[in-house]
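Encoded as structure tokens, the structure appears first; notes follow it.
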Amino acid sequence: MALASLSKVVLGSAAFGVFWVLAVFPSVPFLPIGRTAGALLGAALMVVFHVISPDDAYASVDLPILGLLFATMVVGGYLKSAGMFGHLGRLLAWRSQGGRDLLCRVCVVTALASALFTNDTCCVVLTEFVLELAAERNLPAKPFLLALATSANIGSSATPIGNPQNLVIAFNSKISFVGFFLGILPAMLAGMAVNMVMLLCMYWKDLEGSSPDAVAAEKEMAAVEEGRRPSPATSTTLKSPGQTMLVQSPSLVAAADHDSVMVESISTKHRWFIQCSAPQRRLFLKSFAYIVTAGMLVAYMLGLNMSWTAITTAVALIVVDFRDAELCLGKVSYSLLVFFTGMFVTVSGFNKTGLPGAIWKVMEPYSKINHVRGITVLSLIVIILSNLASNVPTVLLMGDEVAASAATISAAAVTRSWLLLAWVSTVAGNLSLLGSAANLIVCEQARRAPRNAHDLTFWSHVVFGAPSTLVVTAVGIPLIGIINAA
């Protein structure tokens, strides 16, 4: 696209600059209105400055992506109520053999779960579990929080529903769910393993710790010495010569609490629910949530429309819940949907200035994906932009340009270019706390945790995140599309 008039370029760049500042620094002193309002402000400025017409602004809003995001959040809420993430928490704790074993479990479980339930959702529900598990073993929280955040980002790269930028790429590229999954799966598995090894190497000595039984025994002995009796509310039995002690495991109690939510949330006014016992209702509701979610994934693999498949699944769960859906729908992050709406308009307006296309024309000769140097340059550009402007705007700005450049090479190169963009833009989120919403969720959840709170600082994340991002990206790039190519 040719450059627009000078006034449109200047005003469009200024509007995009406002959006960028508020997206990266949502609490700037001179305009502390947050990311969501910043996206709306950027969109409004694009229209007010006549960079984009009102009709084009409405047309730039990608409704299928918004629909899929909305439905995924609804389904995730029901899965949480059904105890799905409680099971993940118990899986992390089951027969754990020390700190290093627990760290590996956090990496693997989080990566696999994030591919199916989105990285943000996994980080929201698993952060407190991880803090509890680390505290029970006298282990530092930082390695486990880093493992959670970085593994969630890496794992989410494998599917179109793993994170928002993958949704954009899947819709714009028309790559099927299965094609997307198989194209990135080898890179995701290798990246997960490399990230795990790097965590172990960096924090090997810090992961000595103690078993939960030993920690509980020490606390019990301290209580005995101080003349205090142990709490009778216990779930873990410890045996020592001459005595038996029961000690509560907070992480397992928290996991159990999730299992009771579904029963409490259901309306019991319907005749069928009145006739059924509480265990039967619990089993029915959990089973239905798991079955329809599995059906949704099967439908994705069969190539059905992802947006309407997810919406249908969400509606089915709402209907079977058999109560006013306001409570469930109230848990949807509408601010995220509004943010995306404003961002679509803002990025579309910025593209109409012609400036992104002009910049890309300068870089394109050095960013061809048919040789190592080109892939390296392209990856570095995506990593830098993903951390400066966030990964979703980067994908919106660069996606079509990168694909068009790859089309001059071959049709297969177009698919690989989209998959490369998905891989690099997602892993780039591990570079710093600001690189991914999942990182910020882990940081805030850990800081505000009612027990065992931990402040994961910007620099403590960068010390591990920067080398991990570069190494994991480099390891995964040669594996992108290798299954499809075969």
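Along the chain as shown, residues are numbered 1 onward.
Glycine residues also receive a Cβ, built from the backbone N, Cα and C atoms like all the rest.
Cross-referencing 396-417, 462-483 with TrEMBL places the feature transmembrane segment at 462-483. Only residues 6 or more beyond the boundaries of the transmembrane segment (65-81), in the same chain, are considered here, and those with a CB under 8 A from a CB of the stretch are 117-118, 121, 125, 161, 164, 167-168, 171, 258, 261-262, 265, 289-290, 293, 296, 306-308, 310-311, 313-314, 317-318, 321, 328-329, 331-333, 336-337, 340-341.
Counting Cβ pairs closer than 8 Å and at least 6 residues apart in sequence, the transmembrane segment (37-53) and the transmembrane segment (288-320) reach fewer than three and form no contact. For the transmembrane segment (6-25), the list of distant contacts is 31, 33-35, 37-39, 41-43, 45-46, 49-51, 342-343, 346-347, 349-350, 352-355, 388-390, 393, 434: same-chain residues at least six beyond its ends, Cβ to Cβ under 8 Å. The average pLDDT the prediction assigns to the domain 'Citrate transporter-like' (27-428) is 81. Below 8 angstroms of C-beta separation, residues 63-65, 67-68, 70-72, 74-75, 78-79, 81-82, 84, 116, 160-161, 170, 176-178, 262, 328 of the same chain, each at least six residues beyond the ends of the transmembrane segment (288-320), sit close to that stretch.
Per-stretch counts of Cβ pairs under 8 Å to the transmembrane segment (462-483) identify 177-201 as the leading one among 177-201, 332-350, 371-389, 420-442. Two recorded stretches are said to be in contact when at least 3 C-beta pairs lie under 8 angstroms, sequence spacing 6 or more; the transmembrane segment (420-442) and the transmembrane segment (177-201) meet this definition. Remote same-chain partners of the transmembrane segment (371-389), defined as residues 6 or more beyond its termini with a Cβ less than 8 Å from a stretch Cβ, comprise 20, 23-24, 363, 397-398, 402, 420-421, 424-425, 428-429, 431-432, 434-435, 469, 473, 477.
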